[in-house]
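Per Swiss-Prot, the features are as follows:
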CARBOHYD  Asn29  N-linked glycosylation site
CARBOHYD  Asn58  N-linked glycosylation site
TRANSMEM  124-144  transmembrane segment
TRANSMEM  156-176  transmembrane segment
TRANSMEM  186-206  transmembrane segment
TRANSMEM  219-239  transmembrane segment
TRANSMEM  247-267  transmembrane segment
Amino acid sequence: MSRVRISLIYLCTFMIITSTKTIEYTACNNTIIIPCTIDNPTKYIRWKLDNHDILTYNKTSKTTILSKWHTSARLHSLSDSDVSLIIEYKDILPGTYTCEDNTGIKSTVKLVQRHTNWFNDYQTMLMFIFTGITLFLLFLEITYTSISVVFSTNLGILQVFGCVIAMIELCGAFLFYPSMFTLRHIIGLLMMTLPSIFLIITKVFSFWLLCKLSCAVHLIIYYQLAGYILTVLGLGLSLKECVDGTLLLSGLGTIMVSEHFSLLFLVCFPSTQRDYY
């Protein structure tokens, strides 16, 4: 009877289930290390996601069996104690991960996905500031042009065109905020940035109506076109999570500066051919 009791106690010492840990991951993580430490010598290590096997390592034959859904999975170390799992982001799924050995020792880790902002708060704030200032300067340019010339069809087209640009970019700003990486926010950012090309058309209309098309105006237009190219390139590089929006901000900032130059040129260099009311 005493032998049976000793055997049961011996078995119970190996049926240990460690406390569950929680680990958060984001799209910014290229790989995830799921920790697991087993101090007792074992014949094999098995990693599971819920009830599905991910990886089985046989220490005797030193062979590894992988799930076809987790081909990037591997053990962090082949030492006797450290059997942490390394897995790439493309194969990561949220859920409960369990590592166990042939003696029944288990370690459970709950993996939770945490959603992050598309851009950091500083870059998001600058995007709204640059866009807002650009639209305000556009409004001033159109207002100055409207009060400086007699109303005509071309002036009406300029006013309608400016209103359409402003509405599209404002709607885009509402869709983009807060800057999460979803389809809605991607559409919002596209609406905030791509209509900037039409600012060049409004600029040409304003200078043409005020008879100010000169070499300096061409330089301003080329400068703004360069800003738009930077914006498009930055936008193309930003169509994924956890990216640096510096190039996109450079383009939006260049467009904003060109709008400043345009307004200064309109106000400070009056045309002798203007027709007032």
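Cβ coordinates are placed from backbone N, Cα and C, and glycine is handled just like the others.
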Positions whose Cβ lies under 8 angstroms from the transmembrane segment (247-267), at least six residues beyond its ends: 123, 126-127, 130-131, 133-134, 137-138, 140-141, 144-145, 193, 196, 199, 203, 206-207, 210, 212, 216-217, 220, 223-224, 226-235, 237-238
Among the ranges 124-144, 156-176, 186-206, the one whose Cβ pairs under 8 Å to the transmembrane segment (219-239) are most numerous: 186-206
